Amino acid sequence: MKPQDIVAGKSSLWIFGYGSLVWKPDFKYKRSKVGYIKGYKRRFWHGDNFHRGDDEMPGRVVTLIEEDDVCTWGVAFEVTGSQMEESLKYLNVREAVRGGYLTRAVDFFPRGTNQPPVQALVYIATPDNPIYLGPASTEEIASQIAVCKGNSGHNIEYLLRLAEFMRVSCPDVDDPHLFSIEAALLATIRPILLAA
């Protein structure tokens, strides 16, 4: 699905972020809301050879994997007017060209019981992507994250900021995949930090 197909005839658009977009959207938006989408789980299964790694040592970043009866929490950003075209151009380079993500339309459910869902655009990497890494053990993922760095910074920052977002913005939500990788990473780097 092309983003242009989603925005045709619309005056506003919601964009759902579940990885670095939750703390670093880097585009103008009217407002943002914390909430979730259904039918997807967040996994550190996608490679990153630009933002958080390189060709020799790709970092690990999140993508969404379809699964019934689960949800993924994040932030949806509403863009309006000229912000729609500007944000889609920017995100096309950031997520699609450099990250290999595809776009899909999903229902976003804002936190709170009395708010109806809104349609949102989300970027998802699939196993067809050449830099898709797929499943690995918690320890393998943490070890890879510990040593990778790209143009946007260290892969460690990506993981820790995402975990911090979940603790601060979604304190009642458990994300075992995310938090187990964070714990494994901290166990790996703690001796290095203490020795410094």
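Even glycines carry a Cβ here, placed using N, Cα and C.
According to Swiss-Prot, the protein has these features:
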- Ile15, Phe16, Gly17, Tyr18, Gly19, Ser20: substrate binding site (BINDING)
- Glu95: active site, proton acceptor (ACT_SITE)
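Recorded features from Swiss-Prot, shown on the structure.
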residue	record	CB count, 10 Å
Ile15	substrate binding site	27
Phe16	substrate binding site	28
Gly17	substrate binding site	21
Tyr18	substrate binding site	23
Gly19	substrate binding site	26
Ser20	substrate binding site	24
Glu95	active site, proton acceptor	23
- Could you give the Cα-Cα distance between Gly17 (substrate binding site) and the residue listed as 'active site, proton acceptor', in whole Å? 11
- Taking the centre of the Cβ atoms of Ile15, Phe16, Gly17, Tyr18, Gly19, Ser20 as the substrate site, the remaining residues of that chain with Cβ inside 8 Å are Leu21, Val22, Pro25, Gly74, Val75, Val122, Tyr123
- Query: C-alpha of the residue listed as 'active site, proton acceptor' to C-alpha of Ser20 (substrate binding site): distance in Å?
  - Reply: 10
- Where Gly17 (substrate binding site) falls in three-state DSSP terms: strand
